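These notes are about the structure you will find just below.
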Amino acid sequence: MKEPFDWDSPLCESLVEEEAMAEKKDAESRSGKYRGRMTSFVVVSCMVAAVGGALFGYDIGVSGGVSSMDTFLKKFYPVVYTKMEEDTTVSNYCKFDSQLLTLFTSSLYISGLFASFAASSLTGTFGRRPSILVGGTSHLVGALVAGAASNIYVLMVGRILLGIGLGFSNQAVPLYLSEMAPTRYRGAFSNGFQFCVNIGALSANLITYSTEKMESDWGWRICLASAAVPAGILTLGALFLEETPNSIMQRTDDHKKARSILETIRGTEDVQAELDDLINASTISKTVAHPFLQITKRKYRPQLVMAIAIPFFQQVTGINAIAFYAPIIFRTTGLGESDSLLSAVVVRAVNMTCTFISMLIVDKFGRRVLFTVGGIQMVVSQIAVGSILATQLGDHGGVSKGYGLPLLLLICVYVSGYGWSWGPLGWLVPSEIFPLEIRSAGQTIRVAVNFLCTIIIAQTFLAMLCHMKSGIFFFFGGWVVFMTVFVYLFLPETKNVPIELVDRVWREHWFWKRIVGKENVLRETGA
């Protein structure tokens, strides 16, 4: 009778370590054989696709800006407007506490959550490009409907269409960017998605600031309808995009077409090493009939954990609370409508600048360093903001002018930390860690978790602000401490690793090799 294999024996540990070292050397060797240069074709294609991030960012920025505009509140949320302007007994922290108002924000992400699952099927079966096209078209129609809304029901229909657009574009665009980019520049290109998120959000802040003085409904209508601009660019641009070679190999056996695309995007005919890795990955992927069941298997455990943990952590940094409700938060501290919107513009500009910096340095310093530095910066600033509000802002009145500027500066420190860490890396890392056979399913899980957590934050933040008051910043700060430690301990570095070989980093990680390494030993020894 065959004796059971002892996984904890020195022999097993030695085999795992030897295999991990061999695979690491092989990955480095193959990466060195990849040929090519940065081509204008790749740059233009990725710039068009990254506009999908601007859709996401514009919706984030416009939600908080519009929901703080008096004309918008008077038309759709008169109860909130009355409580804010006339009821002097209501606490500063509770003036905007309305589940109907928060539904304006979260409805977009509820529809996006369900759309992301449909997007997974479309992206895997027909490619990345069709999903980008569907996302842009749905977002375009939704923007026009929302801008023309005459009542709350039409407004919600527009928001739902916008959410469907986000579900498709957020699922497909990060995959498109990570698959088209050369290995050594993958971090910069993928971070371009978050950079466009910030461009979209900053544009929304600027538009709401410039239109908030309009007495008629034109102010908020212009804000909502302007989302059609990036949506139109994405929809038109998607018509001219080429499909990624990874997607071509996953869906077909057309090696000639995949090679042709590779030669075009790499600017060289010497693409055999990269093509061989694509062929090998696609061969494996075609043996997987049910990727959502496959991703639950032990050998994909690290990727599944990160697909859930990273988007969850990205939301509990508290950034969307700032992004959605920055004008409301500033009004809570006693600033007027105009000053609050202008402060939100400043915060968003800082975030965008730091995301651009992240694009420049992520492939040099790596993902884990930026996660750690950004996390520490966010914690310190959140504690400081919470402390000022706890000591200086009561239930009525505002903070003194001497504390207004420090609060703005501290929030800028917070968003700058997010801007070069969890903002871009929260999209980059999940887009590059999945093997081809589960890539679409993994990205769907990442997007779905992101939407689900966004819904929860969007729907509960104003109530949390009302009940927890300044303690809300300590709450999010505690999460940032936990997630920074988690990433430091459990996320391996992925910079400069070819995307079709990146699954090997888990097999040499101090913790994950205990889980995925056993699968390898079982296969090699036949035990």
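Cβ atoms here come from the backbone N, Cα and C positions, even for glycine.
What TrEMBL lists as transmembrane segment is 38-58 (among others). Nonlocal intrachain contacts for the transmembrane segment (38-58), taken as residues 6+ away from its ends with a CB within less than 8 angstroms of a stretch CB, comprise 132, 135-136, 139, 165-166, 169-170, 172-173, 176-177, 180-182, 185, 189, 192-204, 226-227, 230-231, 233-234, 237-238, 240-242, 264-267.
What TrEMBL lists as domain 'Major facilitator superfamily (MFS) profile' is 45-495.
As annotated by TrEMBL, transmembrane segment applies to 100-120 (among others).
Summarising the annotation, TrEMBL assigns transmembrane segment to 132-154 (among others).
Here TrEMBL flags 219-241 (among others) as transmembrane segment. Long-range contacts of the transmembrane segment (219-241) within its own chain (CB-CB distance under 8 A, at least 6 residues past either end) are made by residues 45, 48-49, 51-52, 54-55, 58-59, 62, 65-66, 69, 71-72, 75, 129, 132-133, 135-137, 139-140, 142-144, 146-149, 158, 162, 165, 169, 176, 200, 203-204, 207-208, 211-213.
The annotation transmembrane segment is assigned in TrEMBL to 304-329 (among others).
As annotated by TrEMBL, transmembrane segment applies to 341-362 (among others). Residues 61, 64-65, 68, 187-188, 191-192, 194-195, 197-199, 201-202, 205-206, 208-209, 212, 322-323, 326-327, 330, 335, 370, 408, 411-412, 415-421, 423-425, 428, 495 of the same chain lie 6 or more positions beyond the ends of the transmembrane segment (341-362) yet place their CB under 8 Å from a CB of it.
Annotation comment: TrEMBL describes 369-391 (among others) as transmembrane segment. Residues 317-318, 333, 358, 361-362, 399, 403, 406-407, 410-411, 413-414, 416-422, 425, 469-474, 476-477, 480-481, 483-484, 487-488, 491 of the same chain lie 6 or more positions beyond the ends of the transmembrane segment (369-391) yet place their CB under 8 Å from a CB of it.
Annotation source TrEMBL lists transmembrane segment at 403-423 (among others).
Summarising the annotation, TrEMBL assigns transmembrane segment to 444-465 (among others).
As annotated by TrEMBL, transmembrane segment applies to 471-491 (among others).
Taking Cβ pairs closer than 8 Å, the transmembrane segment (471-491) reaches residues 305-306, 309, 313, 316-318, 321, 367-368, 371-372, 375-376, 378-379, 382-383, 385-386, 389-390, 422, 429, 461, 464-465, 509, 511-512 in its own chain, all 6 or more past its ends.
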